[in-house]
């Protein structure tokens, strides 16, 4: 099967295969062009050298050119009169023979020859252009077609998956798969393949030329090349190892950061910010030293590679020249052909390897994508199979259904549930959250299949019915209805495709929506916005009801359909629902009495079973689940109505904010101190007077994940100015200076190389063998020297820049962490600032910033010196030729830059083109439940496919442009050579320029041109670095609303601990739509104990957080000793408060250190620690441990039991000697025995302090001075235990009926 997946081309049709074959042929031909050019180049060199030797010979005035051979001048020999003629003849012959073979002369027309070579070059260039164009455009086109198909198949398969699959696969992950993974496949089957083939061919041909033309030299060069290979391999190995060590070293610091950010509330409460910054900084040191080592090693190996390369040059030229001069096996041209052949082969092999990475990535991505394409859904919503009943009565029955969500197989949601729902009746499901009500509704829609038992409709198991048909019978109205981003009429049409406008109007009238729609300016054509964002809750709800009604359903499912509404719209919607329920089987899940009272049957759920069933009055007598629910609710409602009457004149309506989704308060705190686990949820008093969506199984997941639109993930930031980044790097200026010096020398190496190379050629035309040998040796020595110098400067550059970069990284990390800890707590609630996101930001952003300073400066200096030296040198040797080549330089640089851009790909344009399609897929995947419920999967698949057309057309157009650009980039070098050698020939002939200078100028400029292109390819890192830096500076510049580090604010000496909440209103900044506190009034005198009682989400914990100044109230005031809390100095206020929370957070260090954490403002002696531990009933337990107070508590205190952790937390609070003690459910998580001990400890700790207790158990509350019963964000009754019992209100009912308070 792995083969089946890894075949990336399995969706190619005949056409595409043909295109790919032709493209491959072109690529192979293109690959052989460069080696071909070498053959021409060899001949050209020979021609130049021939010509130069002829000039050299003739420059000796004793010789002349006779009959196209060089001869000694006749009159030169007649100067020997004393010999007879015959002797003269023989001497003359000898002298002529001594010039070795008779040299031809006067035949060679250098300009004509060069013109021929220029034509060869132009011809090869033209061929290269065409081949390059075809190879790229054909492959890219073929890939675009296949990708188009893969996208369509993938999306349509995903839309067919069962809902359980979506629970296990996050929507974000699917979205990235659709964009990134498919792009990876694209990279693996498009131009990369062609480029790989081309480079590989060049590699093969280069070696062939080497071996055919001169196997001896080739073998010598090849023998030295393993040294380079070993160097590269070792470098990769060391870098990987050192990167590993660096990451490991950083992981320690990262763990500190993660621990601190995850428990930011504890850190803030105990004022440990600066202490944590120090601890983080200490852990950064080792990461820094590893980074510097890595830089040094990289510098060493780069230097080593250059050294070896130059030694190779030296060796090859020394050995090669001896083959040319001494044994005359090769001509100089052959020497160059062999040398460059091997060189080009090696380079292309190196360049072909990145393509293999793309192939591997593509293969990995293809495996994932194709696995999904081949997966058969367990419940296939688009299948035609299954019965369709002729008549539907509408009886639904659950037979012993057991079920758990596939994403959480360990939690049984339904446990042997048996319920019958009669047709035409309204059945209400009530019960605490997490009892399985919504799950039962989802099983009716067949979003899931039960694990055991079955669900039947009119006696037929619904698994045997056609899914689309079954879902078309059902109308569903959810608590949070999903509307699609289109018009109102279209949204209603989603209910039934062929519906007429009259039907829509009737449905809206029945849903009480008609009037408000007609008041809108565009009436039915009003756009509802993304996710229905333009509409109020009540309006959305009524549109959703209309959408359900248009279907004319037999079965109506109302899942808390009115819970999110204020009283007024609730009445309207409720009326609408009552109208439409007639004659339909209706199942209603609700928490509000008003909605439940008039149901025909009420079913009480608990722990996945139906525990009670009957009418309103019967159930009240049973005093069970339903009774508790009703009692608390009616109390809360009464209080609310009174409050509403008091506030009738002010325009705010508390009901609108009533208690919508109190559960989300917990969601916003989910990661914080108070993670109430589910078992404690059942202890919460009136458990279900509040619709807690926080725990509805996967729906809760769906809500929390999808509430965040994907787009806002990446905030847009302006890239930071380099000047500011450098300012942070100022202390390292000496390092940067030395690094730049090294870089400058490294830049000069390239031009020096071309100087030496042309010097070698010049020696071949020297006629005196001794001088020739001497010159060759000295040049080879020069090569060695350049190599050695380059070795040291590379090391210097690597070390200096890595040192400055690592110091900068450490400094930024420290500053960033310091800034993070200074933010107000509300900032951490934002999903973008979750501990995970922040630690990643510290890890990656800070290290990316180096990319904008050290190494980048090195790169720039390097390129500039390279080009500068090359151009100066060229102008010095031949300004005419230089000017000619400079005309081509922009094109060469362009082509270099273009190739770099090609490798990074056209990713950006593709992304934009895919955006529209991405929006549709995002909307579809986020709302998959609604779409499945409406049976609209097919529509979305069609819409998606329609959107794919534009990117596909763009890709085809791009294929041509891209191909042409690639062809041009490849042929520019050929054209440059053709022009410059032709002109060089002219200069040599007409102006007596030495031929070696032609080679010198051309190679200097062409190499520096490619270097220019290379430099521009480093920009992606640079841009990334600037954006990372900008994100970082954004963090450093942010001014927190509640500042921890400032000295501003009141401090006073005799702190009493007198607390007053005056009409406090508050919403969490991340959830502005949920009013958590709604006018809280309560006061505590110094030394008193106040207990808060109430359901979860009524604002108990929130009031405590306002007191700690984690947040400030939106309206109203918190007074401490008469000072407004917003004016009090934050560290001062927190130093007076000790807090013990339900799940105390301990740090990963010893017990003593954890206790000392209570007061971070001073050094604490061991005696103090012990006395605090004694007060907390902890001392005897600690002494029984082997390491006593030095025992490590483990990450988050995992080595200890809950009771032990709780007592350490109490000791930590006591050591502060606070005036105010906050106990947030401090004993709820303990068993009875440890509770007694902890309770005793708490009672001791409370003496003489103002104390606020939040608790669920009567035993902890009874002896408080004031008990405040809270509901919906304000106090409904307060007094002592006895007073409240006498009032016979909510508190009395809870205590007497024994309803679950404990």
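Yeah, the Cβs are placed from backbone N, Cα and C, and that goes for glycine too.
Taken from TrEMBL, the feature domain 'ABC transmembrane type-1' applies to 21-361 (among others).
Per TrEMBL, the feature domain 'ABC transporter' maps to 396-632 (among others).
Annotation comment: TrEMBL describes 737-1024 (among others) as domain 'ABC transmembrane type-1'.
Annotation comment: TrEMBL describes 1059-1297 (among others) as domain 'ABC transporter'.
Proximity of distant same-chain residues to the transmembrane segment (21-44), defined by a Cβ-Cβ separation under 8 Å and at least 6 residues beyond the stretch ends, is recorded for 114, 117, 120-121, 124, 127-128, 131-132, 134-136, 138-139, 142, 193-195, 197-202, 204-206, 208-209, 213, 331, 333-334, 336-337, 340-341, 344, 348, 970, 974, 977, 981. Taken from TrEMBL, the feature transmembrane segment covers 21-44 (among others).
The transmembrane segment feature in TrEMBL is assigned to 118-144 (among others).
According to TrEMBL, the transmembrane segment annotation covers 218-240 (among others).
Annotation source TrEMBL lists transmembrane segment at 296-318 (among others). Through the fold, the transmembrane segment (296-318) approaches residues 217, 220-221, 224-225, 227-228, 231-232, 234-235, 238-239, 242, 335, 339, 749, 753, 756-757, 760, 776-777, 779-781, 783-784, 786-788, 790-799, 802 of its own chain, all at least 6 residues removed from its boundaries and within a Cβ separation under 8 Å.
Residues or ranges marked as transmembrane segment by TrEMBL: 330-349 (among others). Counting only same-chain residues 6+ beyond the ends of the transmembrane segment (330-349), those with a CB under 8 A from a CB of the stretch are 31, 34-35, 38-39, 41-46, 49, 199-200, 202-210, 213-214, 217-218, 221-222, 225, 228, 316-317, 320-321, 323-324, 761, 764.
Under the heading transmembrane segment, TrEMBL lists 733-756 (among others).
According to TrEMBL, the transmembrane segment annotation covers 776-801 (among others).
If you look up TrEMBL, you'll see 857-877 (among others) marked as transmembrane segment.
The transmembrane segment annotation in TrEMBL covers 883-904 (among others).
With a cut-off of 8 Å between Cβ atoms, the residues of this chain six or more beyond the transmembrane segment (733-756) that come close are 306, 310, 313, 779, 782-783, 786, 789-790, 793-797, 799-801, 803-804, 853-854, 857-859, 861-866, 868-870, 873, 999-1000, 1003-1004, 1007-1008, 1011. Stretch with the most C-beta contacts under 8 angstroms to the transmembrane segment (776-801), considering only 118-144, 218-240, 857-877: 857-877. Within its own chain, the transmembrane segment (118-144) has Cβ neighbours under 8 Å at 12, 16, 19-20, 22-24, 26-27, 29-30, 33, 36-37, 40, 186, 189-191, 193-194, 197-198, 952, 955-956, 958-960, 962-964, 966-971, 974-975, 977-979, 981-982, counting only residues six or more beyond its boundaries. Predicted-model confidence for the domain 'ABC transporter' (1059-1297) is 78, expressed as mean pLDDT.
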